[in-house]
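Undergrad: Submitted below is the structure of interest, expressed as structure tokens.
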């Protein structure tokens, strides 16, 4: 660029006459260019007179050269602006094309979905099964059947698979435990872990075997998890080789509410006054809050002792013959850690029992002395 502008500035400076008559052009345009580029002729004298009424041939030459120099300087900027404008237009065209393509694909997908899911159901012989939409026009039939299909599919996700998730209680001569324990699998009995070498695996919580052995004879144990059956079924087999767990319920048996898989205990086909649910989330039993115990999520620590304390808590309820477990669990519903609250209350009860026993013992030691004193006094 300097090689292009320098000859032009040389011509500008050479076009200035020796008189200071055209000094305004010299000081405003030519002089800065000449001084910056090191072109001779930038040492004109200051101007002290008035400008002539009409420019001479030197001024015309100067103006042309200055215009050429300005055009040479502004050329790259103009080219850059044109490139930016072209890039912007290309982006707009690409965005418009992408939107039109997405709309066309959505339209084709909708038509294909209506065609596939709007067809009549087929029986075992491959014949169409009549339904309530047969009297409508063909297009209307397809649309209404497709809508009904997706509506039923959504309902299948939201609602449990059945309003009677468990069979009827066992009758004599078979033994039916008096209480039902519903327990979550993930973060209560097992903790999922992932590593680069092993991938996903589930860690077994300390005390699982002890819990199952202690409550297995007093409770009908039901694993009710928000995991899918494909994932949870082999996990239950691995943690219960003795078969204490009687039933297994998975994600399809939950009720989907506000982004949460909620376990509706009213669908268990059991007496709600004898059902206790153990989960890591209170939202899981929000429909029956006084039937649940929230343990909090297990973080995988090997020093955890919660399941041992839980076994003591459940055995205490069962051996006490509580008629309605909700009256007991309601007292722990506001506790952040119900098991710790139970241990604290149990310690207080033991302390009170100890003091009562000491008081009774003191009364028994005083009684013989008082009776002897009474006899002596009567004599």
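The backbone N, Cα and C atoms fix where each Cβ goes, glycine too.
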Undergrad: According to TrEMBL, which stretch among 340-359, 360-379 corresponds to the feature region 'Disordered'?
TA: 360-379
Undergrad: Labelled region 'Disordered' by TrEMBL, one stretch among 67-91, 92-116. Can you tell me which?
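TA: Matching range for region 'Disordered': 67-91.
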Undergrad: By a Cβ-Cβ criterion of under 8 Å, what residues six or more beyond either terminus of the transmembrane segment (97-118) are in contact with it?
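TA: Counting only partners 6 or more residues beyond its ends, the transmembrane segment (97-118) has Cβ contacts under 8 Å with 141-146, 149-150.
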Undergrad: Tally of helix, strand and coil residues over the domain 'FCP1 homology' (174-317) according to DSSP?
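TA: Summed over the domain 'FCP1 homology' (174-317), the classes give 47 helix, 43 strand, 54 coil.
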